[in-house]
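Below you'll find the structure, written out as structure tokens, and then a few comments.
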Amino acid sequence: MLTFPLINDTSRKIIHIDMDAFFASVEVRDNPSLKGKPVVIARNPLQTGGRGVVSTCSYEARAFGIHSAMSAKEAYDLCPQAIFISGNYEKYTKVSKQVREIFKRYTDNIEAASIDEAYLDVTENKIGAQSAIKIAKLIQHDIFVELGLTCSAGVSYNKFLAKIASDYEKPHGLTLIMPDEALEFLAKLPVEKFHGVGKATVPKLHALGFFTGGDLQKADPVDLAEKFGIYGWELFQKANGIHNSKVKNHRERKSVGKERTYGKLLYLPDDIKAELIKISKQVSESLKRHQLKGNIIILKLRYSDFTTLTKRKSMVENLDSPEDIAEAAQQIFEEIDYDESLGVRLLGVTVSGFGVQKATLDMQ
């Protein structure tokens, strides 16, 4: 019989900082006339023949139902008065570095999750504060006063809960989840709010009767693992407030990937799938060279307007063969809302999740 040890480290003090509508907020800051207006970071569909994808948008735009990864045309249809801005990634990167410098006043134990969010372990910190809430408030204050931007903060004893907390109250929110509050907090949370649960997984969980964290808390972890592989076990742990992944200041290499840029744009889905086969073969060769297998496949697609889509898929088995990787990458491609009119200038396939094989063995 499989055994699942439940080891929960509640001694850490973790903060997750998520910049509020980051790209749009930077544009509003730099152009105050945009304040209070629906701002969409995407090329204007009236100037591109309806092409383009939304990177992000202001909260005023979100009130109309606009969201990231939506087509610019659909965003325009929802809100014709929206102000479309192509965006300036170089500027956003510069501001992101300024935010990180503020983090460094309090701790060097910082893990950047993306350009607009990061985890901070402040268990030991530079100002000798016992309260992580105090540090989170200071960071919010510094970012607002010095950079003219707001962020939401989540505080808890692990990264998963800190991320959940930062999403709980936006914008400019601050939420604390204490160890003795975690189970009750998670029990009420819909499974789609669990970080890492993708759109494809939600209906599968619903079909099995799992709608909330409380449902997962009452589940048989062995049954979840049989249905979802190691991911099912991780879901059970998260629903019970357990996530012992440490904040990593310098991330070790945990993935193998290859990208191709095309001088001649790709339009036809069949052409894109054919290229994914070629790229998957290169990834497979690299994996085998390093004697690695992974259960997470990531597809990266960049349109001609430089809008980039990234989508991942968790597999039950560890993969390293070109056929399996290509099949998974093609499945992901079929799941995205591909805009054939834009043309693709870059494709990438990445495999990660190398620790899964060991974790599976540990449960036997």
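Each residue, glycine too, has its Cβ placed from N, Cα and C.
Annotated features in Swiss-Prot:
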- GLU117: active site (ACT_SITE)
- ASP18, ASP116: Mg(2+) binding site (BINDING)
- 14-198: domain 'UmuC' (DOMAIN)
- PHE23: site 'Substrate discrimination' (SITE)
Problem set entry | Under 8 Å by Cβ from ASP116 (Mg(2+) binding site), counting only residues of that chain that are 6 or more apart | ASP18, MET19, PHE22, PHE23, TYR92, SER96
Seminar exercise, completed: Within the same chain, the residues at least 6 apart in sequence whose Cβ is under 8 angstroms from that of GLU117 (active site) are HIS16, ILE17, ASP18, MET19, SER166
Seminar exercise, completed: Averaged over the domain 'UmuC' (14-198), the pLDDT of the predicted model comes to 95
Exercise. If you run the three-state DSSP split on ASP116 (Mg(2+) binding site), which class comes out?
Worked result: coil
